[in-house]
Amino acid sequence: MDLEGGTRRNSSKKDSWRTVLTLAYQSLGVVYGDLSISPLYVFRSTFGEGIGHSNTNEEIYGVLSLVFWSVTLVPLVKYVFIVLRADDNGEGGTFALYSLLCRYAKVNSLPNCQLADEELSEYKKDGCGGGVSNGKGFAFRLKSTLEKRKVLQKFLLVLALIGTCMVIGDGVLTPALSVFSAISGFELSMSKEHHAYVEVPVACIILVGLFALQHFGTHRVGFMFAPIVMAWLFCISAIGIYNIFHWNSQIYRALCPIYAFRFMRQNQTGGWMALGGVLLSITGSEAMFADLGHFSQLSIQIAFTSVVYPSLILAYMGQAAYLSRHHDTEHAYHFGFYVSVPEKLRWPVLVLAVFAAVVGSQAIITGTFSIIKQCSALNCFPRVKVVHTSSKIHGQIYIPEINWLLMILCLAVTIGFRNTQHLGHASGLAVITVMLVTTCLMSLVIVLCWHQNVFFALAFVLFFGTIESVFFSASLTKFLQGAWVPIALAFVFITVMYVWHYGTHKKYEFDVQNKVSINWLLGIGPSIGIVRVRGVGLIHTDLVSGIPVIFSHFVTNLPAFHQILVFLCIKHVPVPHVRPEERFLVGRVGPRNFRIYRCIVRYGYRDIHKDDVEFENDLLCSIAEFIRTGSIGISSNDEVEKHDKMTVVGTYSSQTILRCSDNNSDNNVDNVDSEETSSELKEIKSPQVNQQKKKVRFLVPESPKIDTEAKEELEEVMEAREAGIAYIIGHSYMKAKPGSSTIKKIAINFVYEFLRRNSRAPSFVLGVPHASSLEVGMMYQV
């Protein structure tokens, strides 16, 4: 797997039309499954609220008008034409919007941010130059207010977390609703008693199979599911066209919005409550934005406007045309989808609907994986195992723990509710909450990131916010009929996420408050007789400046450390990706003869971490490159003053002057022209080891620009590398200070510590060889 270049599909290079159309085809199986199966349950849920069905067909026309304009305004206008443009360098979702705001308004939730991070090439989006920094206008005042008020920053974070938690809740509810609705067709061919015994076991078996497929990855699932969705959309649109011409060719008149207003005016409270069913016609809209990182903006737009949208409108019109000529409401399934299907086609359509329902669940499951990965990288979710399932498209991931947790919760609500009506109420509330959060964050993005007029942002939030608020209020009335489930799930998840975020910040604050200065290190050596041992010592820390308290704790108890010492900070920045040539920030700690360095490794929230051997090679090559370039033009008198300066150094694959490579790829080095090799290059090889590992080689130019001290320093780094690398890792336990409030004690002592013990270690720590690691335990009182 190419972990640097090949995984970054959303580059500045435009995709070819063949690639775009292929992605559009795949997106049908991943993104649009949920939207495409909504005709299964929309009319049934809407008329299940006690709405009559008179011979005038006013109710049918009104509901169709509401559905048409809901699908047109929310998925098409809001998401396809506006929200998809607010991508974070190709990534979408609630946290992508929050990440954009973190950068443009500096309300970053990450504690160890630096000014150097703002110089990353992906930190600012193209075409969004400093329109806010001119000191004038509403955008500047809004930006200043957000940066000054901690309360507003916390509110923004909680808002993003609420949206994230509702996406997770929707990931639990949508699969259950989709599968239940699909198998509801059995009720046409068996008694109600038998149907009650069949539907729950069949639904559970299908759901288990769905979640078991997730480990194959989005790429395989997309190609496997896309034909099913294509067939399903063709099926419902063909049935819709048949019903329109066979039953009521004048049904197109219902598309006029006047019928929607008449429906709401005549039914009043009943019409308002029926909006909970209409809302289900737009579930899955958020998946278009959340799954943006798996595909591309253009591919998602093409798939929706050319295939999904026309098929859905024809399906709803056909269903309404059939109902306009059939007024027998004796059976509960009268408003269901299958009654409008010609009798000879019902069983094939039922089988296809079951497959389509499974696909419909895929969209929200994929979106849940994506958004949890983003939250985890931004310290808002406990660390989980992330499996990258594609070597070509970076956003295609699988998270085992979340997958099985979703499956268990999904089975629980399926067995608990046994009712599509209640599942629809629960799913509707989760979906509309996410949409409201997206609308609020988008209004800020329009002003702060796009630098548009504030009136455009107000128009956006008032227009779409009003529509979604009406849907939200209608969903809240179903609290006791199932809508309590997403609220309960959101409460649990937001507690976990906020406590993890709070604990992580408190841990970092403790590190900052207790870090020691370079003067302490300069003065402690003679007093306790520190011994320097051979090798390279890597000290993992979250600090980007100063000496961590873990190291002072270690040295005062064991006065010895390695001849080459590196304070290593691996951190995430609020961009999706950091380019390889901008990955490392390297600097000195103390004078040159101390041989102590600081290396900050920056990752985006979508980046893939390399394996330990390749990471070691990159790290040492970046230090060697820093030594080589730093020796040019720096006098010895400047060294102490410059010890805190950091230099951007790329990974060895991006370096050309100082070349670093592994033995497997450098077998041909000896075949290079011998004269050039002898005069220009000097090889220093790492020692032979028994196990088959990549062994780094440093090819140091014999240039007159490199002074003698730099050459000696480079040779010392190579000698230390030959002696081996030791990893010194802090293992901290957190405890609330005496006198802290009861809530803080519960949050830190119990909830955070439980999450820390049961979450995965950082990826760097997981890759460390056990024989080379040393853990330094310490109690943090925060």
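Using N, Cα and C of the backbone, Cβ positions are placed for all residues, glycine too.
Annotated domain 'K+ potassium transporter integral membrane' per TrEMBL: 23-521, in sequence order.
Mean pLDDT across the domain 'K+ potassium transporter C-terminal' (535-781) comes to 71 in this model. According to TrEMBL, the domain 'K+ potassium transporter C-terminal' annotation covers 535-781.
Positions annotated as transmembrane segment by TrEMBL: 20-40 (among others).
Annotation source TrEMBL lists transmembrane segment at 60-81 (among others). Under 8 Å from some Cβ of the transmembrane segment (60-81) lie the Cβ atoms of residues 35, 42-43, 46-47, 51, 53, 251, 253-260, 262-264, 266-267, 271, 274-275, 278-279, 281-282, 284-286, 288-289, 300-301, 304-305, 309, 312-313, 316-317, 320, 323-324, 435, 439, 464, 467-468, all in the same chain and six or more residues away from its ends.
Annotation source TrEMBL lists transmembrane segment at 155-183 (among others). Residues of the same chain lying 6 or more positions beyond the ends of the transmembrane segment (155-183) and with a Cβ under 8 Å from any Cβ of it are 33-34, 37, 40-41, 93-95, 97-98, 101, 107, 109, 146, 198-199, 202-203, 206-207, 210, 283-284, 286, 290, 337, 350, 353-354, 356-358, 360-361, 363-365, 367-368, 371-372, 375, 380, 406, 409-410, 413-414, 417, 420, 423-424, 426-427, 430-431, 433-434, 437-438, 440-441, 485-486, 489-490, 493-494, 497-498, 501.
Taken from TrEMBL, the feature transmembrane segment applies to 195-213 (among others). Within its own chain, the transmembrane segment (195-213) has Cβ neighbours under 8 Å at 175-176, 179-180, 183-184, 186-187, 221, 354, 357-358, 361-362, 365, 403-404, 406-407, 410-411, 414-415, 418, counting only residues six or more beyond its boundaries.
Same-chain neighbours of the transmembrane segment (225-245): 25-30, 32-33, 36-37, 39, 251-252, 307-308, 310-312, 314-319, 321-322, 340-342, 345, 349, 352-353, 355-356, 358-359, 362, counting only residues six or more beyond its ends whose CB sits under 8 Å from a CB of the stretch. Annotation source TrEMBL lists transmembrane segment at 225-245 (among others).
The transmembrane segment annotation in TrEMBL covers 271-290 (among others).
Summarising the annotation, TrEMBL assigns transmembrane segment to 302-322 (among others). Outside the transmembrane segment (302-322), and at least 6 residues removed from its termini, the chain residues within Cβ reach (under 8 Å) are 20-21, 24-25, 27-28, 31-32, 35-36, 38-39, 42-43, 60-61, 63-64, 67-68, 71, 75-76, 80, 230, 233-234, 236-237, 239-244, 246-249, 251-252, 254-255, 281, 288, 337, 339-340.
According to TrEMBL, the feature transmembrane segment maps to 347-372 (among others).
Under the heading transmembrane segment, TrEMBL lists 393-417 (among others).
Feature annotation from TrEMBL assigns transmembrane segment to 429-448 (among others).
The transmembrane segment annotation in TrEMBL covers 455-476 (among others). Note on the transmembrane segment (455-476): residues 70, 73-74, 78, 82, 272-276, 278-279, 425, 428-429, 432-433, 435-436, 439-440, 442-444, 446-447, 483 of its chain, located 6 or more positions outside it, place their CB under 8 angstroms from a CB of the stretch.
Residues annotated as transmembrane segment in TrEMBL: 482-500 (among others). Residues 158, 161-162, 164-166, 168-170, 172-173, 375, 379-382, 409, 413, 417, 419, 421-430, 433, 475-476, 747, 751-752, 755 of the same chain sit 6 or more residues outside the transmembrane segment (482-500) yet have a Cβ under 8 Å from a Cβ within it.
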Criterion met for the transmembrane segment (347-372) and the transmembrane segment (429-448) (at least three Cβ pairs under 8 Å): no
Same-chain residues at least 6 beyond the ends of the transmembrane segment (393-417) whose Cβ lies under 8 Å from its Cβ atoms: 7-10, 91, 168, 171-173, 175-176, 179-180, 200, 203-204, 207-208, 211, 214-215, 217-219, 293-294, 365, 368-370, 372-373, 384-387, 423, 426, 482, 485, 489, 577, 606-608
Cβ contacts under 8 Å made by the transmembrane segment (429-448) with residues that lie 6+ beyond its boundaries: 74, 78, 82-83, 86, 94, 97-98, 100-101, 104-105, 132, 138-139, 142-143, 159-160, 162-163, 166-167, 169-170, 173, 279, 282-286, 289, 454, 456-458, 460-461, 464-465, 468-469, 471-472, 475-476, 478, 483, 486-487, 490
